[in-house]
Amino acid sequence: MGAWQGLRGRGRAWGAGPGGLGRARRSRLSLPAAGGGRRAAGTGRGGGGGFGGSSMDWGTELWDQFEVLERHTQWGLDLLDRYVKFVKERTEVEQAYAKQLRSLVKKYLPKRPAKDDPESKFSQQQSFVQILQEVNDFAGQRELVAENLSVRVCLELAKYSQEMKQERKMHFQEGRRAQQQLESGFKQLENSKRKFERDCREAEKAAQTAERLDQDINATKADVEKAKQQAHLRSHMAEESKNEYAAQLQRFNRDQAHFYFSQMPQIFDKLQDMDERRATHLGAGYGLLSEAELQVVPIIAKCLEGMKVAADAVDAKNDSQVLIELHKSGFARPGDVEFEDFSQPMNRVPSDSSLGTPSDGRPELRGPGRSRAKRWPFGKKNKTVVTEDFSHLPPEQQRKRLQQHLEERNRELQKEVDQREALKKMKDVYEKTPQMGDPASLEPRITETLNNIERLKLEVQKYEAWLAEAESRVLSNRGNSLGRHTRPPDPPASAPPDSSSSNSGSQDNKESSEEPLSEEGQDAPIYTEFDEDFEEEPASPIGHCVAIYHFEGSSEGTISMAEGEDLSLMEEDKGDGWTRVRRKQGGEGYVPTSYLRVTLN
């Protein structure tokens, strides 16, 4: 830009000032509505920087700072690009943050469905899952912030930056063309000036030659005339050069005044408009950074509020009750271990109930010192043998599982019944309106539905029977089942044992029919198995019991009893549902175990 500096200096030297041609007011480019006009009310140009009060134009105040304006406008565009790059990297940070949050939530969310996860019933676990869900929603809001910044800031400002660069390039190209035209005019002025100077010297020289010859007496008249003509010609040429130089100077001064007072100020004002619009858009972009955050503040506040609600929802007392409901076995605590007197082996009488399970749930250790194993509630459990009636579970858990499956079967049964009714109605419609369909085409589905109904009814009956037996176990173990049933439970389906058989025979049958206990079954009363039989000795009561319901012993081996009658317990239930008792007025026999409340000695 050295030529610009030379022209600027010559403009001042030649006295081309504002008093010469003056300059017309230049039109203004409109600014975005968001940024307002360049000349906002009460501010004026440069008002934001402490120069308010008067209108300050680049074309007026910075008319000789072409290089400064070039650097400043380039700096403004670089700043715009830097901000766009900053926001882009900020969106990448937000996206990475949201991704890591979602991965963290996925890592700690329960893997099993809530219906299959017992831990999901605890308020602590439910609150933790809710907090994870709120964190996941929070991550979604961070993704929304990143998306808004990417679209509204990065894309729009990057596009606007390209437009500003093209506009800036156009303005500076226009300014450089004007400078080149002015420099070309100045060169023509310099040429005419040098020609005028050269012609003046030649004219003066010719005049001096003519005057010398005129005074020389030796010079001929022809030489004098020729010298005078040459001097006249040179003088005429100098006059023409003078006129051309004057005209060229006037034209250059006019072009220079137009350049400094009109053409370049307009270009500078256009650059000022462009730069102010760029600054306005950049300021709006700064605002979008906070606006994107403010948009998600309400949702984030709800997420935080949800976390607080989840924290307040933890109920320690309720969780304790849930644990009881989930794992209550229904067994009674083990009773005292009996003393076994080995000093008098001949007088030791094995109990008839050595293999039985006390109906109040208290296990007892029996038999000689050759018992195989002792199972304790807190011992290591063996592999579970799962049974269809859930007898491998403790009584209370068995009752709950049976109740759950019974409800499921009833729902399935009701669904099949509804489907059968719908098929019957459809068949009636087909019979009345044959064009709607063939009634025979529904027969296979009706038959299948009927089969399903029959199958489900059998399953419902089976689960009802198992449930009744499980409830009897629970009531028996609780030791207080009076008034639990509105009617007596059904007696066992199997026939009572033969009362004439010995205790040892019963024990042998019991041992041969026992199956391995399941893992959960180890919480049941402790059993002790014998490896050999003992001789039968006179039986003595091992406890007493109270009849909960009236029982009419009509089959062989049974005995009748009245509700509330006190009986002596002679032999515990061997697993077939029958217990052997003795009446006070005499007579022994079997009664249903579920009809008794038993107390061991």
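Cβ from N, Cα, C; glycine included.
Listed features, source TrEMBL:
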type: REGION; residues: 31-51; note: region 'Disordered'
type: COMPBIAS; residues: 34-51; note: compositional bias 'Gly residues'
type: DOMAIN; residues: 56-319; note: domain 'F-BAR'
type: COILED; residues: 179-230; note: coiled coil
type: REGION; residues: 337-378; note: region 'Disordered'
type: COMPBIAS; residues: 344-357; note: compositional bias 'Polar residues'
type: COMPBIAS; residues: 369-378; note: compositional bias 'Basic residues'
type: DOMAIN; residues: 392-469; note: domain 'REM-1'
type: COILED; residues: 396-473; note: coiled coil
type: REGION; residues: 477-539; note: region 'Disordered'
type: COMPBIAS; residues: 529-538; note: compositional bias 'Acidic residues'
type: DOMAIN; residues: 540-601; note: domain 'SH3'
Report task. Please work out the mean pLDDT for the residues of the domain 'REM-1' (392-469). Result -> 89
Query - Three-state composition of the domain 'REM-1' (392-469), taking helix and strand from DSSP - result: 72 helix, 0 strand, 6 coil
Query raised in the report: How many of the residues that make up the domain 'SH3' (540-601) does DSSP mark as helix, as strand and as coil?
Result: 3 helix, 30 strand, 29 coil
